[in-house]
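Enquirer: Heads up, here are the entries from TrEMBL:
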type: TRANSMEM; residues: 6-23; note: transmembrane segment
type: TRANSMEM; residues: 43-64; note: transmembrane segment
type: TRANSMEM; residues: 76-100; note: transmembrane segment
type: TRANSMEM; residues: 145-170; note: transmembrane segment
type: TRANSMEM; residues: 190-213; note: transmembrane segment
type: TRANSMEM; residues: 225-249; note: transmembrane segment
Amino acid sequence: MKSFIDEFITIFGEFFLLFYNVFKSLKRILKNRKIIILEIFEIINESLGIFLLASLFAGMVAAYQTAYQARNFLPLIYIPTLITQAVVLEIGPLISGIGLSGKVASQISAEIASMKISDQLDALELMSIDPVEYLVMPKVVAAMFIIPFLTIICEFSIVFGSFIISVLTLGLSPNEFLEGTKRSFQFYQLFGGLFKSIVFGLFITMVACFFGMKAKVGAKSVGKATTSSVTVSTISVIILDYLITRILFVW
C-alpha cells in the first residue's frame, strides 16, 4: 500500500511538473505557431468524421429515448426542448471529450512514446531543443483551441440527428421542432459547455503527452503508454465533467 501511495505521489508530481513546463513554454507560442496550426489540422483530420458520426446517432437515440420516457406526461413538442438543453450543457462536450480521448490521445501518446524509445527526444535535447516546447505545448494549445469548435459541430450534429427522428418517425413538423429548440436555448449556456471542452482538451492532451514521455525501452511500452493515456484521459473527462457541472450549474 505504501509503495502504491509513493508511486501515485511521484506520478502526480511529475504530471504537474510537465504542466508547469508547458505553461512556462507558452511565452514562445508565436515561435511555434506553424507547428500549432499543423497540430490543429491533424486533430481535425483525425477526429471530425468520428465526431460527426457518433453525434448524429447520439441525437437519434436521444430523440427516441426522450419520446419514450416522456410519452405519458409530456407532449412530443417538448422533445427538442429537452434534447437541446441536454446537448448544450452535457452531451455535446462529453461526446467530444470522450472522442478526443479515444482517437487523438491514443495517437499523441503512441507518437511521443515511439520517439522516446527510439531516442528522438534525447536527440532533440542534444540539439538544445526543448521537447516540451517543441512537441507538447503545440499539441496542448491546438487541442484547447480547436475542441470548442468541434464541440459546436457535435452539438449541431446531435440536434440534427434528433430532428431527423422527430420529423420522420415521431410525427413532429420541422417548425414544431425548431420552435421547441428555440424555446429552451439560452446563449449563455453555450459558454458552460465550451468551457468544459477547453478543459477537456487541456487535460486529455497533457495526459497523452505525459504517458508518451514516460514510455520505457521496448515496443510493448508504446502499447502500454497508449492504453494508459486513453484510460486515464477518459476517466479524467468524466470526473472533470462532474466537477465543472457542480461549479457552474449548481452553486
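The backbone N, Cα and C atoms fix where each Cβ goes, glycine too.
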Enquirer: Taking 3+ C-beta pairs under 8 angstroms (sequence gap of 6 or more) as contact, is the transmembrane segment (6-23) in contact with the transmembrane segment (190-213)?
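Expert: Counting Cβ pairs under 8 Å (6 or more apart in sequence), the transmembrane segment (6-23) reaches the transmembrane segment (190-213), since there are 3 or more.
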Enquirer: Going along the chain, which residues at least six beyond the ends of the transmembrane segment (190-213) come within the CB cut-off of under 8 Å?
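Expert: Sequence-distant neighbours of the transmembrane segment (190-213): 14-15, 18-19, 22, 88-90, 92-94, 96-97, 100-101, 104-106, 108-113, 115-116, 121, 131, 135-136, 139-140, 142-144, 146-148, 150-152, 155, 225-226, 228-229, 232-233, 236-237, 240-241, 244-245, 248-249.
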Enquirer: Taking a Cβ cut-off under 8 Å, which residues six or more beyond the ends of the transmembrane segment (76-100) line up next to it in the same chain?
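Expert: Answer is 43, 47, 50-51, 54-55, 58-59, 62-63, 66-67, 70, 143, 147, 150-152, 154-155, 158-159, 162-163, 166, 170-172, 176-181, 183-185, 189-190, 192-194, 196-197, 200-201, 204, 233-234, 237, 241, 245, 249.
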